[in-house]
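Noted in Swiss-Prot for the protein shown:
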{"type": "TOPO_DOM", "residues": "1-40", "note": "topological domain 'Cytoplasmic'"}
{"type": "TRANSMEM", "residues": "41-61", "note": "transmembrane segment"}
{"type": "TOPO_DOM", "residues": "62-69", "note": "topological domain 'Extracellular'"}
{"type": "TRANSMEM", "residues": "70-90", "note": "transmembrane segment"}
{"type": "TOPO_DOM", "residues": "91-114", "note": "topological domain 'Cytoplasmic'"}
{"type": "TRANSMEM", "residues": "115-135", "note": "transmembrane segment"}
{"type": "TOPO_DOM", "residues": "136-158", "note": "topological domain 'Extracellular'"}
{"type": "TRANSMEM", "residues": "159-179", "note": "transmembrane segment"}
{"type": "TOPO_DOM", "residues": "180-188", "note": "topological domain 'Cytoplasmic'"}
{"type": "TRANSMEM", "residues": "189-209", "note": "transmembrane segment"}
{"type": "TOPO_DOM", "residues": "210-227", "note": "topological domain 'Extracellular'"}
{"type": "TRANSMEM", "residues": "228-248", "note": "transmembrane segment"}
{"type": "TOPO_DOM", "residues": "249-279", "note": "topological domain 'Cytoplasmic'"}
């Protein structure tokens, strides 16, 4: 009989008993697709809630523009890192159409997966902005964190800034999470590195273009608040930045690997029916 125990009771260490191994139970394609969709929806919901909330919090407290930029960047970077640790095991934790596009162009995800990831992100951003709207009194909503261009800054400059900041974020994603296929040790530092890239981008762009780096980060709050000023900048800039990052990574930075057979090594056949316990 297969014994099923809750996840919290997993304490098995395969290194102490080499006669056993942990086997990940396969799931059907529809279940896998639903879990990926839901993880992107839930992660984007939280991300938009935290990002919009960070902007509202930054303007609700007294301080100069530099302090607000650092506070907003720190909250958003830490929130993204926490969410990657939380849900990256299911969908990879894109939470950003620009990151999804970069992963698609680099060959990490397929076209169909990319489409329903983006659909989940759009639904999640609306839900997250709606929850944020309900949490805050009117005097603190501040357009739910919809970014605005600084005085004297034109749309071309804002486009270039969003493109550059998003490209480094996508390069960081591709350089850490994509390479995890071959080096699982990067799983431990990838969320921190990606969160740090977002922190840097938001801190730089906060007082100029707004430092969105994510189209749905602006879309959800814009739908709920009705503020659409220069909205196209926050789609076109990150998308071009993602394309640029994917091109640089795939053509210049990506390492090439070949999978070869080990001489004299026969991979063991795994029969799930022989499991002594299930988790």
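The backbone N, Cα and C atoms fix where each Cβ goes, glycine too.
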When counting Cβ pairs under 8 Å to the transmembrane segment (189-209), the leader among 41-61, 70-90, 115-135, 159-179, 228-248: 70-90
Among 41-61, 70-90, 159-179, stretch most in contact with the transmembrane segment (115-135) (C-beta, under 8 angstroms): 41-61
Tertiary contacts of the topological domain 'Extracellular' (210-227), as residues 6+ beyond its ends and Cβ separation under 8 Å: 44, 47-48, 51-52, 69, 72-73, 95-98, 121-122, 124-130, 132-133, 141, 143-149, 158, 162, 165-166, 169, 198, 201-204, 234-235, 238-239
DSSP helix/strand/coil residue counts for the topological domain 'Extracellular' (136-158): 12 helix, 0 strand, 11 coil
Cβ-Cβ under 8 Å with the topological domain 'Extracellular' (136-158): same-chain residues at least 6 beyond its ends: 51-56, 59-60, 129, 207-212, 218, 220-222, 224-225, 227, 229-230, 233-234, 237
Mean predicted confidence [pLDDT] for the topological domain 'Cytoplasmic' (180-188): 63
